[in-house]
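K.L.:
Annotations for this protein, taken from TrEMBL, read as follows:
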- 33-104: domain 'S1 motif' (DOMAIN)
- 122-188: domain 'S1 motif' (DOMAIN)
- 209-277: domain 'S1 motif' (DOMAIN)
- 294-364: domain 'S1 motif' (DOMAIN)
- 381-450: domain 'S1 motif' (DOMAIN)
Amino acid sequence: MEEKATQTPEKTFSMEQALQETEARLEKRVRPGQVLTGKVVLVGSEGVAVDIGAKTEGIIPFNQLTERPLPEEELKALLRPGDEVRVQVLRVDPETGQILLSRRKVEAQEHWDRIQQLYEKGEPVTVTVKEKVKGGVVAELDGVRAFIPASQLDLRRIPNLDAYVGQQILAKIIELNRKKGRVLLSRRAVLEEEQKRAKEAFFQSLEPGQVVEGTVADVTDFGVFVNLGPVDGLVHRSEITWGRFSHPREVVHKGQRVRARVVSVDPARERVNLSIKALVPDPWSTVAEKYPVGTRVRGKVVGLTPFGAFVEVEPGLEGLIHISELSWTKRPKHPSEVVKEGDEVEAVVLRLDPAERRLSLGLKQTQPDPWQQLTEKYPPGTVVKGRITGVTDFGVFVELEPGMEGLVHVSELDHGRVENPAALFKKGQEMEVVVLHIDPVEQRISLSRKR
């Protein structure tokens, strides 16, 4: 226990009594290991003389003044005559009575006491990173070297620890072994606590329907992660845009700033679902006003199927050109015979159903209907020559115009009964026929050879 030097009241002693009391006082109060408080008497060339109330003054060698490596001039300036100083007795010379003191050991003890208190309180401490070592960095905490493992420097892996050298950081004491002189610090623990508080505040203030802004942190097949600060929100691929795309990276890129509407919040699982397209009006909500039946539209062919071609009129608004609406004259087996994916085309709105999100388009309607012209060119009774394009049991097909065929029914092939048309007529053969009737709506032409 620390003892403080006190002044002895004046008494009348014999020389022998005074000597005996002084020796007893020295033996009682000055022992190796004791911590005493004294006053600086002199700063000399070998050290500092301190009055600790003993028979002789104690000496603090310069190498016992402080743990810090300081030049001699700075060491001499640490203490001045009259300063009060706490010291530990290192040794008492039994022959000369010289007392060797250490301020350094007391200083170290005080440092460890303060560190112990900080550790018990669990409070973060500010330390300076001194050097990079194997597996982490070394920082100075109140004069004591403390180790920070690389895994405890940040929430994420740090590839270059050199960047921390010389920096002041806030860390938490996670392990303390006074006997071994071991102090383990964690900056990660502080960051995790800060992050936890930030997340709690974030989720308390967040509600569905709010509009937030963040930076795209990652782009995946299933959606986009947007950094909102404490957490990342997910924009599912179906909520990125009203338009069509193959991969989300076609629409957004990493590092891009985006605005989105909060769809749902799950504080327990720390999840936030977002929608970018919710900030843009649904194109189907105004399709009836913008594209009434008969309107000509332009768009890009974005998909082909056996039954037709899909055309993007605007992002999120696609119409279907049925295969039967691709051409007046051609009868394609597949839409790719008329249009290709990526083609820019003009079409006419034929039908629309906003509730079912359906838009029917026609490509052939952008051109005059040749069937209407055909009725004027070939009125009933007109004699015309054409080429046979097909022979069946029920008759022969004859092409009058490119892509426009008429049927000569088996009953109109000859005055007599024709049992087998294929025996009399061949594909490619020229035939003279009479136009009986043209139905432009059904696109049918009735012909006769016998009349």
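Cβ coordinates come from backbone N, Cα and C, glycine included.
TrEMBL labels come from automatic prediction, so no person has curated them.
Can you tell me where each of these features sits in the structure?
P.N.:
Per-residue confidence over the domain 'S1 motif' (33-104) averages out at a pLDDT of 88.
Here the domain 'S1 motif' (122-188) has, by DSSP, the following mix of helix, strand and coil residues: 9 helix, 36 strand, 22 coil.
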K.L.:
Please work out the helix, strand and coil residue numbers for the domain 'S1 motif' (209-277) from the DSSP assignment.
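P.N.:
Going by DSSP assignments, the domain 'S1 motif' (209-277) contains 7 helix, 34 strand, 28 coil.
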